[in-house]
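Heads up: the structure comes next, in structure tokens.
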Amino acid sequence: MSVSLRVLDDGAWVSVNDSRQVSVSELWRLDAPEFCSCTVPDFVVENFQSVGVDGRTITANVYGQCIQCGETGVPGWIPVGRLKNGEYVDLDRENVVLPAHDGHEN
Amino acid sequence: MPTDVERWKSEVYGNEIREHLFEFAEEGWDSIPEDERDAWFERFKWWGLYHQRSGQESYFMLRIGTPNGRLDPGQLRVVGEVAKEYATGPGTNPIFGDAYADITTRQAIQLHWIKLEDVPDLFEKLEANGLTAQQACGDSWRNIVGNPMAGNDAEEIIDAWPVIKELNETFKGDDDHSNLPRKWKVSVAGSADGSGQGDINDLALEPAYKEIDGERTVGFNVRVGGGLARNEPRHARDIDVWVAPEDAAAVSGGLSALFRDHGDRENRYNARIKFLVDEWGTEKVREVLQEDYVDFELETAGEDVRDQYTYNAGGDGRNDLVGIHKQKDGKNFVGLNVLVGRMGADDVLELADLAEKYGSGAARLTQRQNIIIPDVPDEELDEFLSEDLLDHYSPDPSPFMRGSVACTGTEFCSLSIVETKNRQVRFARWLKENVELPEGIDQFHIHLSGCTASCAQPQIADVSLRGMKTRKNGDPVEALDIGLGGGLGEEPQFARWVTQRVPVDEVPGAIKNLLASFEELREGDETFRDFIQRHDDDELADLVEPEETSYEDPMMHNTKRTWYPYAEEDSLDAGPAPTHADGTPITSDD
Ligand code: HEM
Ligand code: SF4
Ligand SMILES: [Zn+2]
């Protein structure tokens with residue numbers, strides 16, 4: 001099962017199988033102890049740098065900012081959705097805590 | 001590895017996109033194979049079409065490039081007519097209505113809610129009237145900017161229009177320059193006021209004198225690598241080249257070819273020539289240009305007139321082109337304020353009538369999102385100024401109206417974080433009612449951009465506003481970063497971002513408090529920009545003081561999470577998109 005993943009319009013959104021799935025301007029709560037000193041960084045998504053897949057999880061490398069402390073940067077790979085029978089299923093990104101992981105390239 | 005965009009461009013790009021575009025238009029939105037949509041939308045940009053954001057699928061923004069912001073007699077009417085006929089969609093804007101045209105900070109025109117199926121008729125009408133959307137977006141020569149009154153501005157030292165015209169005719173549709181690593185923004189100006197805003201363009205030709213064969217000759221100094229986007233603002237840098245008007249196309253084409261061959265195609269974020277200039281330095285840029293891209297000896301830079309620049313500089317003299325100004329031929333050009341650059345289609349048509357009645361029918365667009373009616377004789381001036389339409393599009397507006405610039409924002413734009421144009425209108429109206437500027441200050445520029453792409457050029461304003469988010473009482477709300485003290489002029493400066501993430505409803509209060517501090521602490525008659533400059537960031541952060549006031553913001557919530565922020569039922573899936581040509585929703589069993 002091949003899936004087409006890309007970042008488009010200068011980092012505005014993530015496309016999965018030619019359909020816009022994740023957009024900048026969302027506010028995520030992260031489990032990202034290395035990113036800033038906040039217990040649960042409150043992270044505004046400003047720009048998608050790249051998108052990848054880890055097993056059946058779609059992950060994105062994003063630039064943004066923690067609105068509690070102001071730290072900016074790329075906190076690592078963040079899960080944004082899952083593949084289920086080849087179909088993309090959104091995570092409830094704005095209501096769960098998303099774990100950041102170090103790089104996996106693909 | 002080449003990026004997807006580079007791969008798509010290597011397959012089909014430039015002029016040839018048009019026939020595919022027309023085929024899809026013929027067969028309807030649905031005929032674009034799903035797995036080719038990303039590729040085609042990227043390519044359509046080259047023909048001025050930008051797919052609108054999520055929730056608005058099948059609708060496009062169309063950008064019409066008007067070189068130097070120049071609309072010949074009759075063309076303003078065409079803009080009004082196409083806006084009225086084609087730029088309507090399922091959403092109605094509470095301030096601007098159903099059909100409107102946007103004047104952009106690069107002297108172009110943007111229409112929204114365009115249906116793919118209408119593109120052939122729309123293009124035919126534009127092209128029959130000398131207008132085009134070709135290369136208005138995409139990786140190529142974009143709309144060339146400058147002083148829109150070129151040729152007839154009493155303050156100019158050289159007429160830049162023949163050069164702009166030649167560059168536009170040479171590089172629009174030229175296959176050798178149609179696929180660059182990234183956009184290529186050019187400014188050419190001949191006025192001594194700095195109204196070309198060359199400093200923030202990839203390539204700037206600025207008026208300069210040079211001794212050639214014993215004669216003082218007027219031509220242009222060349223600067224390269226300016227731009228504002230992505231937290232990486234740069235001023236265009238002096239590469240020590242002066243060029244005569246007749247060689248401007250050779251040097252400009254040489255530089256865009258240099259960019260074509262040496263720009264970064266592996267990483268779009270690093271692609272703009274500003275990064276190549278960072279990497280190479282100006283001496284190497286000049287050297288490579290000389291050795292590989294031009295076949296005559298380049299002159300060294302001439303004597304510029306930057307010390308006379310006033311445009312958007314925050315001091316005395318012409319900070320914009322609003323108001324009544326003398327032309328070379330003795331007639332007048334009348335700059336009218338268009339708040340945040342947006343005009344209802346009916347207003348455009350009415351203004352086209354007035355332009356014919358009092359002027360020549362021509363119009364001009366400025367980089368401060370305003371419109372100029374040129375060629376008004378002295379004896380017609382009073383009657384023109386007493387027209388009702390000019391109450392709204394005023395040649396003498398409140399400084400807060402006059403100084404407002406705003407980008408597209410969450411209404412249509414994928415990259416946006418906050419609502420922009422309507423918000424800036426609300427800000428300007430509130431400030432006009434509630435805030436006095438200190439004695440002698442009659443210019444105050446506030447630019448609002450919905451994200452770091454900086455389409456509203458926030459870094460070169462007195463007060464720079466940039467979209468962000470924050471929490472207020474625990475709830476996520478739209479917020480703005482506040483920057484201060486930016487401007488152009490002889491020594492351009494970018495704003496310093498002194499206060500971050502101010503909830504949008506506290507921003508007017510912050511500006512009010514800042515202006516009160518300015519009045520109190522001002523030394524003599526110093527300008528706002530000088531005042532900002534003599535304070536450090538911490539001092540300035542103290543002066544900003546965000547505060548709730550009588551200003552109320554109805555768009556505090558996440559306006560991006562709507563299909564259209566102003567719809568009654570605004571949730572992302574409540575909108576009709578994607579739709580057929582006639583606007584009815586395309587359903588899955590279609
Ligand atoms: C659908 C709406 C729009 C989209 C998606 C869009 C996209 C962008 C992007 C991605 C950039 C950053 C360029 C870069 O990274 O090099 C940018 C910059 C810019 N755009 Fe837009 N834009 C839109 C509307 C506008 C409007 C309305 C204007 C004029 C009012 C405009 C004029 C500019 C200018 C002046 C910049 C300045 C930054 C620079 O010079 O580097 N764009 N735009
Ligand atoms: S500045 Fe950002 S939000 Fe505004 S139009 Fe440009 S890309 Fe869109
Ligand atoms: Zn933090």
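Here the Cβ of each residue, glycine as well, is placed from N, Cα and C on the backbone.
Counting same-chain residues at least six beyond the ends of the domain 'Nitrite/Sulfite reductase ferredoxin-like' (B:56-89), those with a Cβ under 8 angstroms from any Cβ of the stretch are 29, 44, 48-50, 98-101, 104, 107-116, 118, 122, 125-126, 129-137, 142-148, 150, 160-161, 164-165, 168, 188, 345-346, 348-349, 351-352, 355-356, 360-367, 408, 412, 563-564, 575, 577-579, 583, 586. The feature domain 'Nitrite/Sulfite reductase ferredoxin-like' is assigned by TrEMBL to B:56-89 (among others).
The domain 'Nitrite/Sulfite reductase ferredoxin-like' annotation in TrEMBL covers B:96-128 (among others). Taking the domain 'Nitrite/Sulfite reductase ferredoxin-like' (B:96-128) as a whole, pLDDT averages 98 in the prediction.
What TrEMBL lists as domain 'Nitrite/sulphite reductase 4Fe-4S' is B:137-292 (among others).
What TrEMBL lists as domain 'Nitrite/Sulfite reductase ferredoxin-like' is B:325-386 (among others).
Under the heading domain 'Nitrite/sulphite reductase 4Fe-4S', TrEMBL lists B:401-546 (among others).
Residue counts for the region 'Disordered' (B:567-590) under DSSP, split into helix (H, G, I), strand (E, B) and coil, are 3 helix, 3 strand, 18 coil. The region 'Disordered' annotation in TrEMBL covers B:567-590.
For the domain 'Nitrite/sulphite reductase 4Fe-4S' (B:401-546), the partner stretch with the highest count of Cβ pairs under 8 angstroms, out of B:96-128, B:137-292, B:325-386, is B:137-292. Distant neighbours of the region 'Disordered' (B:567-590): 28-30, 54-59, 89-91, 115-118, 561; these residues of the same chain sit at least 6 beyond its ends, with a Cβ under 8 Å from one of its Cβ atoms.
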